[in-house]
Amino acid sequence: MLKASKVHFCVKQRPIVEQISLEINPGEILAVLGPNGAGKSTFFKILSGEIKCKHGNVGYNGHSIESLKPKELAAIRAVMPQHSQVNFPFTVQEVVELGLISTKSNDPVKLIAEVLDATNTSHLKSRVFNSLSGGEKQRVQLSRVLVQIWETKPFPRYLLLDEPTSSLDIAQQHAVLSILQTLKSRNIGILIILHELNLAAQYADKIALIKNGAMTKMGIIEDVLNEKILENVFDHPIRLIQNPATGRLIVASGAHSYSTLATSKQA
Amino acid sequence: MISNLNHTKVQSQNLTLIGFGVVLIVVLLTSLSLGAYSIPFPQTLAILFDYIGLKLGTFEVQQANVLLQIRLPRIIMAVVVGGGLGIAGAALQGMFRNPLVEPGLIGVSSGAALFAVIFIVLVPVASSLAWIRPLGLPLFAFVGGLINVLAVYSLSKSQGRNDAATLILAGVAINALTGALIGLVLFFADDSALRNFTFWSLGDLAGANWSKIPVSMILISVPSILLLLNSRQLNALALGEQEAFHMGVNVQRVKIQLLLFSALIVGTGVSMAGMIGFIGLVVPHLIRILFGSDHRLVLPGSFLLGAILLNFADLISRIVVIPAEMPIGVITALIGAPFFIWLIFNLNKSKN
């Protein structure tokens, strides 16, 4: 289990993350949603171990994050940050192989082939990373991250993703989230920051809403997807409608045609 | 585990390195035989083989003396210093994630030079402390290089970002300050120290002799090997420091190691052969353009190519104005810069 309890983080006396606690079990997808600047990314960095946090605890499988060396941590959790830049002309193959830099694999060739297949990037293998399109880059980075935790281990692993779908078209967004769903059966727990409420509604098991650094609501889809709650978090009128094709709820803006931030706040 | 992942790739990397090795040997032999006092090629080989106990042909004693006492130590020095500058440049570029980085640009060379000058002024050849010079000078230069690179690094990181503009500005500022301090020290130096400095500031391999070889070999080859052991970590760093940490690299420790080893190499090189620019910048570039960015090839390749280029430049500096010598820094820049520009333009064209 990935467990964060009472995580609190201030910058210049101002709380960025306020007393957030959450748990992610293997085989579960937790989507973290919230307006821009809510503190999602800071909280994400605390979970990944990138930022050390004085108040509160983060624990992976019962081990406190401070007690884990970077190498041990890398075997338990993989992280996909929002933007990754590669400054030298590495090939896709080289980038993806790097995912294995500190984890051992019995059959790295097969492992990498499987992951490239899953993310539909096999055909890019010998291309130079920097020559790829934004969407391709994101899928290659996802492959690198997946390689790190793909193989089944005697302990559960975790995957943290910060807006992995930001430069993907609708088909690829769903493709990526479908891949993440297949990871559940690999004893992997997933935390994903998303901006697209509908993706969360369709693929997540639980949703956490964060506003102004604090957790507003966390729970299963049915509990969280509520017009009042969402309106309150995003300061924007929200309507939930049923998708005639799937029967699932769709989150739509309830604002009238050309609403601006100012008018939507009044509403 | 990964090393056997892609057999053909590893094989082609090995072939490339072997190719560089062969070119290096050819350049070394040519360089041994040519110069103000020309030694025909068969004699060159005969002398070398005689040295290891194999009779191959006849030669004169004077030829052997020139070759073994003057040229050979100089060429070994050029291999070690050139290779060191190449591999340190590659490691620093990788660490800073910036292909513009060069030991000169980020202040390692000037810091090493400042401390070397201070050492030279403080500990004159004739003083009672002269016995610590062989080891003291390179180590002192190393400290100077390290101070500067740490200053530039922390300045460039001070705003939380590691962008190229701040890095270069920090390098320019630190270099200016160091240059002023060198001037200040020279103000108090005597004439002979001044003249030494002028030659040395443009790079000078003429001072190479056997007594300097052991120290420079150890102080450059050991940290070079330690840099090689960090190649995979450098690959991870190329994706970003956060990403490297996510993948399990102890980023802080790796960075400190890279800085220490590079500063030691450059400091030793500067103290032995002066400020030889350009090698540390161009060599890793050439390797990347020609063979890709995998540091498992870039690092050893940069060592070999650095050794080749510096020997080639040294050979030219010895033969263009016989019996005088052109400063080697002039040659590296005169040949290197236009070649480099040509290469960048042509390869960019062919890629698009």
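Glycine is treated like the rest: Cβ placed from N, Cα and C.
Heads up, TrEMBL stuff is auto-annotated, nobody curated it.
Residues annotated as transmembrane segment in TrEMBL: B:15-39, B:75-92, B:104-123, B:135-155, B:167-189, B:209-229, B:258-291, B:297-316, B:328-345.
For the transmembrane segment (B:328-345), the list of distant contacts is 201-205, 273-279, 282, 285-286, 289, 309-310, 313-314, 316-317: same-chain residues at least six beyond its ends, Cβ to Cβ under 8 Å.
Within its own chain, the transmembrane segment (B:297-316) is flanked in space by residues 13, 16-17, 20-21, 23-24, 27-28, 30-31, 34-35, 74-75, 78-87, 89-91, 94, 205, 224, 227-228, 231, 234, 276, 279-280, 282-284, 286-288, 291, 326, 328, 331-332, 335-336, which lie at least six positions past its ends and keep a Cβ under 8 Å from the stretch. Highest Cβ contact count with the transmembrane segment (B:258-291) among the listed stretches B:15-39, B:104-123, B:135-155, B:167-189, B:209-229 falls to B:135-155 (criterion: pairs under 8 Å).
Count of Cβ pairs under 8 Å against the transmembrane segment (B:135-155): among B:15-39, B:75-92, B:104-123, B:167-189, B:209-229, the largest is for B:104-123. Segment contact is absent for the transmembrane segment (B:209-229) and the transmembrane segment (B:15-39), given fewer than three CB pairs below 8 angstroms at sequence separation of 6 or more.
Long-range neighbours of the transmembrane segment (B:104-123) within the same chain, counting only residues 6 or more positions beyond its ends whose Cβ lies under 8 Å from a Cβ of the stretch, are 88, 92, 96, 129-130, 132-133, 136-137, 140-149, 151-153, 167-168, 170-171, 174-175, 178-179, 181-182, 185-186, 188-189, 193, 196-197, 201, 262-263, 266-267, 270-271, 274-275, 277, 280-281.
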